[in-house]
Amino acid sequence: MKRIEIREVINKAGETVKVCGWINARRDHGKIIFIDLRDRSGLLQVVFEPSNAAAYELANNLRPEFVVAIEGKINQRPAKMVNDKIPTGTVEMTGEKLEILNTAKTPPFELDKDTIKVGEETRLKYRYLDLRSERMKNNIIMRHKIIKFFRDYLDRQGFLEIETPILTKGTPEGAREFMVPSRLWPGKFYVLPQSPQQFKQLSMVAGLEKYFQIARCFRDEDQRGDRQAEFTQLDIEMSFMEQEDVFNLTEGMMIEMVKALYPNKKFTEPFLRLKYAESMEKYGSDKPDIRKDKNDPDELAFCWIIDAPMFKQSEAEKKIVSGHHPFTMPNREDMEKYPGEPLKWRAYCYDLVLNGSELCSGSIRIHRRDIQQKIFEILGVSETEIKQRFGHMLDAFEYGAPPHGGIAPGVDRIVAILQNEPNIREVIVFPKTGDNRDLMMDAPNAVSKKALKEANIQIADEVTTKAKAKGENLYGESTSVAD
Ligand code: ASP
């Protein structure tokens, strides 16, 4: 018999069907065994009675998280017995045939309850169990729906989904980069992208006009609040446009998405626009939380922050750094008015803030070589470094680069806020800890001497000494099946 999903049983009263899933809970009432069977789509009560000896005997062995296939008749429950807490509460199944597909050890925490109070280290180590819980499963389903909505929306607007390389060269977004040693080019490294910034701009030079990507971005940051070393952006770029076009596109997409997927949420449209200086003066922040009632889980307060400064004075190093990133177009009037005072220039860049969190940032880009060269010079990038790191961008700008710009909404943050989750780890399937460890896979981890040699890597003496002092293994095994 073909398996059906639990959510489908509601219309099957009187029929015999087959369902598969996990034992969510078991209750014995006198001689009768009640099982709550769980699959991704829902829960179903299954009853095993002693009159059906074979199935009953087997059902006696059932424990939480065993995986089973059950065939049986779907019965309408009498009105008094209806369980209005579950969608299938008007029916139940009489278990006739039971097959145990796999047994399970007792899980380290209860999966039929919200796992939010369980220690995070345990949840992350056993993430595949944590994800079986109702809240976590829903977060992942809603994440899928949000991403699918964005994809479909952008497709309807004529955008192309374009994949860009992960093994690449650095692109400045203000964070440290992850490096990957090249085996074939000893002493040389790839860098994981902090964002596909240069590729999306080069796609505009290539004439692709409207680009998007559900892009994984990598930033090797120290422990910093609610950040992840790898995170997902809905990366967008378009040609022949102005700021207003990005606002319209982003605003339209967010509004339609919320209306379609979260009809209970309330927000004000059009989104408020605040100049950076105004926001700093009024709220002391460039991420103001302008909600009327911060305790209302259904209130969404979006606001654009515009006209931010092109450059900032970095306090630590006393030098000029980019406000957004160096590919951002400075305000032309400011450039003409204060030619020698770049700290006074505003940029054509914008952030979209939601409930006090930065949701997206973006900018109109420089598409002319002379302006880009000048910005690098102001940032103190040497002639040689400009050539080595950004020569390809400057070259490309000389072959008919169209005016262009874009934005990159942070997918993890959007899902977390909409799902009322306190941090983005709750909406990422397999996240890392705040200090960048994957507790389930046990990464980062040592690799074998052989692998290090092939990658032309030698571990620094001080690391070796520290590891020895701690009695830690510096090298992994190289005899495994995967080598
Ligand atoms: N690349 C930028 C970022 O990651 C976004 C953009 O300018 O489109 O913040």
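Note: Cβ is positioned from N, Cα and C throughout, glycine not excepted.
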Additional site residue, Glu173, Glu269, Glu278, Glu281 [criterion: listed by TrEMBL with Arg219, His324, Arg365 for L-aspartate]: Glu173
Segment assigned the feature region 'Aspartate' in TrEMBL (from 13-16, 121-124, 197-200, 401-404): 197-200
Annotated companion of Arg219, Asp220, Glu221, Gln228, Gly410, Val411, Asp412, Arg413 at the ATP site, TrEMBL, chosen from Glu161, Glu163, Glu358, Glu462: Glu358
Long-range Cβ neighbours of the region 'Aspartate' (197-200) (under 8 Å; 6 or more residues past either end): 162, 164-165, 168, 171, 173, 211, 213, 235-237, 325, 327, 392-393, 406
Fewest other C-beta atoms within 10 angstroms, as judged across His29, His324, which are the recorded positions: His29
Span of Glu173, Arg219, His324, Arg365 around L-aspartate - largest C-alpha separation, Å: 22
When distances run from the Cα of His29 (site 'Important for tRNA non-discrimination') to each of the binding-site residues Glu173, His324, Glu358, Arg413, the nearest one: Arg413
Secondary structure content, the region 'Aspartate' (197-200) (per DSSP, counts of residues): 4 helix, 0 strand, 0 coil
Inter-residue Cα distance where the pair is Glu221 (ATP binding site) and Glu173 (L-aspartate binding site), in Å: 12
Distance [Cα-Cα, Å, rounded] between Val411 (ATP binding site) and Arg219 (L-aspartate binding site): 16
